[in-house]
Amino acid sequence: MTDRLPLAGVIGRPIGHSRSPALHRHWLARYGLPGDYTAFEVAEDDLAEVVRMLPKMGVVGVNVTVPHKVAALAIADRVTDRATLVGAANLLIFQADGRILADNTDGYGFLANIRAGAPGWSAGSGPVAVLGAGGAARGVIAALIEDGATDIRLANRTRTKAEALHRAFGNKVQVVDWHHAGEMIGDVQTLVNTTTMGMTGAAEFRLPLDALRPETVVTDIVYTPLRTPLLERAEAAGCVTVDGLGMLLHQAVPAFERFFGTRPEVDDAARQAVLSDA
Ligand code: ATR
């Protein structure tokens, strides 16, 4: 046995703007736990070598972010079913037997965030509209299906990418033409934006929202700004809105528990820890 402090971190490139260190360090301090969490900037060509080195330096696991989420699967010795389904990992655990386990907690974070913001919500209790068909959409759709969704309507600017997700997930996912996305949101229980529209520095959010009804729960995985144009307009329409920062916070909960042995709470102090570091 070693008496080294548990170390964990996040690997990506660029990594300077990651808010994960601030969050994990906040929780370490709050629960009085030994250990540390740091950011590792790693180039794509070096990923496998660095990951194999980390356990030798006392690192117990790492979060994985852009651009390594897909490559991380190939490095792992074992991959959880949910990471296989999503085709990407956001967590690598260095096990005591020397093997590397890849997992994905993004779907957990997505569901926990909506449940916290919209009590009583469940993905299976009505149609869900999803905007976007990139890597984030894949994780969101896997989570929605895991929570019982059977009627997911998917619209993406590039239709072929939405069709690929329909093929991957089957008939629970139906493709809606991007030009009809504005109409599709009028009769759903949940609306999820997984596109980058509305993000600071990215394209404007340009979808007609007149059809939105107050019964619809609206969530955006974009969290810069915190109140995205979509969420502001949904709020004005009387909808319950759930911001994307909560997903970042909640996906970190199972990771922190695996690293440091304590299940942390997502509360205002945790949100502030992330925001004040921004
Ligand atoms: P991520 O992995 O975060 O999902 P991504 O794979 O680059 O990122 O996907 C970005 C998503 O935002 C895509 O669905 C993209 O649509 P395309 O597949 O047509 O590229 C969507 N997106 C980005 N800019 C957009 C815009 N101006 N209008 C509509 N959709 C946009």
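Backbone N, Cα and C atoms are what each Cβ position is placed from, and that goes for glycine too.
Among Ile100, Ile185, Ile221, only Ile221 appears in TrEMBL as part of the NADP(+) site alongside Asp81, Gly132, Ala133, Gly134, Gly135, Ala136, Asn156, Arg157, Thr158, Arg159, Thr160, Lys161, Gly244.
Long-range neighbours of the domain 'SDH C-terminal' (244-268) within the same chain, counting only residues 6 or more positions beyond its ends whose Cβ lies under 8 Å from a Cβ of the stretch, are 6, 8, 19-20, 23-24, 27-28, 30-31, 33, 35, 37, 60-61, 63, 90-91, 93, 103, 105-106, 108-110, 112-113, 116-117, 219-223, 226, 228, 274-275. Listed in chain order, the extra residues whose Cβ falls within 8 Å of the Cβ center of the shikimate site residues Ser18, Arg19, Ser20, Thr65, Asn90, Asp106, Tyr223, Gln251 are Val10, Asn63, Leu248, Ala252. A count of other CB atoms within 10 A of each Cβ picks out Lys69 as the most crowded of the recorded positions Arg19, Lys69.
Ranked by how many other Cβ atoms sit within 10 Å of their Cβ, the binding-site residues Ser18, Thr158, Thr160, Gln251 place Thr160 at the bottom.
Rounded to a whole value, the Cα-Cα separation of Asn90 (shikimate binding site) and Lys69 (active site, proton acceptor) is 6 Å.
The two recorded residues, Asp81 (NADP(+) binding site) and Ser18 (shikimate binding site), have Cα atoms 27 Å apart.
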